[in-house]
Each structure stands twice: as C-alpha cells, then as structure tokens.
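See structure below.
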Ligand code: HEM
C-alpha cells in the first residue's frame with residue numbers, strides 16, 4: 001500500500017497511501033490450489049497437510065491420542081458440555097437458523113476438511129462458523145492440535161505456552177512501551193520524513209513490516225535487526241523464511257517434505273539456507289545471553305522480573321532457569337518471531353488504510369491523540385486513555401483478521417455443534433473473516449465503525465463477545481502476544497498520527513491477497529464479484 005507523507009504541524013500530517021506488495025500468489029490461484037489439494041487428499045485418503053507458518057520440515061501427522069472413539073461423549077453429554085459462556089445447545093440458539101445442513105449424512109465418504117469446507121455454502125453466513133468456533137477453539141489440547149502458526153502437538157504447545165507466557169507480564173510490557181515501541185515508531189517517522197518533505201509516495205506495508213521486525217527482534221532477544229535502516233543477510237533470511245512459510249500454506253502438494261526435493265529445488269535450497277542463518281543467529285544470541293546470565297549469577301526476583309540493561313524475553317527465560325534446552329528456547333523464540341511480526345504489521349497497514357478512507361474517524365483519532373498526549377510520548381498508562389484509537393484497531397482486526405482462517409486437526413473423533421461429524425486426522429478450518437463480516441453476527445458488518453465497540457466498555461475479546469470477535473483466537477491456543485501486539489500497534493499509530501498526516505495515493509485499486517495474514521494488493525477486482533470472491537477465498541485459504 002503506497003502512501004504519501006507530509007510533515008505534521010504546519011500544514012498537515014499527510015502521507016499518501018498507495019499500492020501494494022503482492023507477496024503471495026494472486027487469490028484465485030490460491031483458492032484453486034487448495035481445492036485441488038483437498039480433492040487429492042480425498043482421493044488418496046491422506047490427512048490434509050495445510051500448514052501455515054512452520055519453519056523447516058513439517059512433523060509427521062500426530063497419532064491419535066485415543067484409539068477408542070467410544071470414549072467420546074454421548075450426545076446428551078455433548079449437548080451439556082460447558083464452554084464457560086453456555087452449553088452447545090445455547091450456542092446453537094445463538095443463530096436463528098442454527099447450523100445449516102452440511103453433508104452430514106455421508107461423512108465417512110469424505111475427508112472432513114474437504115467436507116466442512118465444501119459443504120458450508122459460499123459465501124457462508126459466518127454465523128454457522130461462529131458456533132463451531134465457539135466450541136472447538138475452547139476444547140483442550142488433547143482433542144485438536146495444529147494452530148495458525150504451527151502444528152505442534154498438544155503437549156508441545158502446552159510446554160511452549162507455559163514457557164513463554166510468564167515473560168509477557170505487565171511490567172515487561174510497560175518497559176517495552178518506553179524502550180522499544182516508542183523508539184522504533186519514532187525511527188519509522190524519521191524514515192518517513194524525507195518522503196513527506198519531497199511529496200513522494202511510500203509503501204506502508206513494507207515500512208510497517210520493517211517496524212514490527214525491529215520491535216520483535218529487540219523484544220525477544222535484544223537484537224536490533226534495524227531493518228528500517230539497513231539490509232543484512234539476517235533480515236533477508238527472515239523474509240525468505242517467512243515467505244516460504246506462507247507459500248507452503250498454499251502449495252498444492254507438500255513436495256518440500258521430501259528430503260531429496262528440498263536439496264534440489266532452488267526455492268527450497270534458498271529457504272533452507274535462510275532457516276540455517278536464522279537458527280545460527282538466534283543460537284548465538286542465546287549463547288551470549290547465557291554467558292552473561294551465568295557470569296552475573298543472575299537470579300530472578302519475583303514474577304515481574306525485568307533486567308534493566310536487557311529487558312528481553314530471552315533474558316527473562318534464561319534468568320528463570322527453567323528446565324528448557326537451548327534448542328527448545330530457540331524454537332520458542334522463533335515461533336514468537338513468526339507469530340508476532342507479520343500479524344502486527346498487517347494490522348497497522350489495514351488500520352491506516354481504513355483511517356485514510358474515513359476522514360471523520362481519522363480526525364477523531366488525531367484529536368484524541370492530541371488531547372490525551374499534548375505532543376508527548378505515550379506511556380503504558382496513557383494507552384488506556386487512547387480509547388477511540390484502540391477501537392479503530394479492533395475494528396480493523398474485525399474487518400481484516402490475521403490470520404483470516406484458523407485450523408485445527410482432530411486427534412479424536414468428535415461431533416461438533418450442528419452434528420458436524422469429525423473423524424480422526426481431519427482438519428477443520430474456521431473462517432474468522434466470515435464470522436467477522438457476517439451480517440447475521442454484526443450490524444453494518446462491512447462498514448468501518450470503531451464506535452460499535454463501546455468506548456467505556458471492556459476491551460472486546462472472544463469471551464465478552466461470545467466468540468463474535470476472535471482476532472486472537474480463543475481457548476487454550478489463544479495468541480499469547482495479544483496484549484503485546486495491541487500495545488505495539490497503539491503506540492506505533494499514536495506516534496505516526498502525532499507526526500504525520502497522510503492520504504491514499506488517488507486512483508488505486510486496493511485489494512487483498514491471503515497468506516498467513518491478509519496482504520494488500522493492487523491487483524484489484526470490483527464490486528460485488530470481488531467481495532464474493534474474497535468471501536470464498538477466505539473460507540478455505
Ligand atoms: C495483532 C497482532 C497479532 C494477531 C492478530 C495474532 C493472532 C494470533 C492468532 C489468531 C493465533 C492463533 C491461535 C489459534 O490457532 O487458535 C496466534 C497464535 C500465536 N501468537 Fe499471535 N497474534 C498477534 C501478535 C502476536 C505477537 C506480537 C506475539 C508475540 C509476542 C504473538 C505470539 C503468538 C504465539 C506464540 C502463538 C502460538 C500460540 C500457540 O502455539 O498455541 N502473537 N496469534
């Protein structure tokens with residue numbers, strides 16, 4: 001998305017948003033590929049292998065935890081299984097029509113991922129999926145694995161979450177606001193100033209991607225990618241690996257699982273090299289940090305421990321001295337790098353885009369920023385007062401959720417609300433995009449209306465919206481970085497709005513293309529056909 005910038009103060013904080021980075025293949029091709037994949041899987045009777053965001057070779061399909069389907073709940077039990085906000089029966093009542101018929105008569109003839117995808121009518125109302133989302137996102141690890149950012153089995157995910165969650169405490173977040181988020185955002189503004197002065201347009205998707213890479217590097221390992229300023233082999237490697245992860249999520253066949261092919265196909269050779277560079281860099285950072293922690297005999301003092309000279313998550317994790325190997329630590333950190341980089345960059349891109357299309361919302365957000373901060377840097381406490389801007393970000397995540405689809409693989413046979421019969425090894429895909437844009441779920445579903453989320457009410461999440469709003473997913477696999485990401489996005493936009501005005505470069509046809517997140521693209525389609533097409537694409541991408 002290209003934008004034109006102008007310095008704030010005198011005339012304006014104006015930046016022109018314009019065209020786009022087609023990172024991924026054009027949408028129609030993606031959706032055809034997935035269809036073909038599903039048909040092939042059905043034909044060959046192999047479990048689906050759609051993966052998003054994994055590094056390196058994918059693990060083998062997990063063995064079922066329970067080989068005895070009779071251990072499953074009876075239908076009465078099923079109906080009364082509680083999900084914290086109601087039983088399945090109540091959930092079904094959330095939609096007027098309940099779940100639509102979805103080829104449930106002959107489930108054994110189909111692979112469920114195909115079955116579920118094919119039988120939800122396109123465009124789906126979103127309401128059906130909301131009900132399913134309510135139920136299976138909150139089911140414990142043992143029953144479903146696979147997430148948007150990796151396929152780790154239940155235990156692996158639990159270990160990872162237990163390891164990283166304590167590091168994201170409030171004190172850490174407030175230190176990050178000051179030491180990392182504000183500084184990186186200011187650096188972005190400095191980088192944009194020349195564009196503003198010269199009246200040149202700028203690709204904001206690229207700039208936000210660089211910003212969020214710098215932020216996540218500093219926060220995770222106190223490593224400055226400095227991608228806003230420079231190019232380096234490590235930055236190249238990160239982008240190559242991320243792009244590969246995204247491409248794999250839409251490849252027709254997972255040919256890259258074959259060891260030999262990984263050694264001869266140029267794209268795979270490049271990807272393997274990139275992953276090696278990243279792994280070695282992170283291993284080096286871990287080793288260095290470990291040396292310092294050991295030399296200082298550092299001991300953690302309390303749950304909200306932050307080291308002043310190095311407040312990173314790596315330092316916290318090493319100082320806690322939990323039983324975790326360097327390889328595990330490296331993989332925890334890399335999964336956070338993948339999960340936390342492009343997502344936040346995309347949220348920033350689309351929020352800016354939406355604000356550029358709605359001058360009254362933009363004016364309100366700018367006014368709030370000026371009133372609350374009066375030109376000073378935002379602190380952790382100030383963020384609570386930036387209510388309108390925060391709702392703009394929520395509304396942007398409603399319209400453009402990243403990732404647009406959540407994936408789970410069933411480890412045991414199950415029956416979801418609406419009598420969706422699920423067999424072991426089958427994939428279930430929930431289109432967050434459809435839920436978030438469903439007219440049965442939202443009034444003015446396609447409109448950008450930040451006020452729909454009460455400014456004085458609680459921050460919207462999956463629980464207080466009954467799974468109508470699930471940008472960070474929900475249940476045991478919910479995003480661990482939700483608070484971090486929200487703060488990062490609020491601070492970046494605040495500093496951006498304080499310093500720059502912006503407008504879209506006129507006459508652009510901005511569209512979407514999906515990978516692990518929704519990217520902007522100027523390969524556009526118009527009107528109803530385009531929307532219809534996207535609905536379809538996002539349901540199965
Ligand atoms: C606005 C930005 C972000 C969005 C929209 C987002 C959204 C999500 C979603 C939807 C999931 C998948 C959950 C599922 O499969 O049910 C997820 C997982 C995850 N996110 Fe985020 N995320 C964001 C930023 C971050 C950041 C900044 C971090 C790290 C600091 C992070 C760390 C993770 C991790 C580690 C997982 C995997 C959890 C697991 O393996 O169970 N995310 N995120």
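Yeah, the Cβs are placed from backbone N, Cα and C, and that goes for glycine too.
Segment annotation: TrEMBL labels region 'Disordered' over residues 54-77 (candidates 30-53, 54-77, 78-101). For residue 479 (heme binding site), the Cβ neighbour count at a 10 Å cut-off comes to 19, with all displayed protein chains included. Under DSSP, residue 479 (heme binding site) is assigned to coil, being neither helix nor strand in the three-state scheme.
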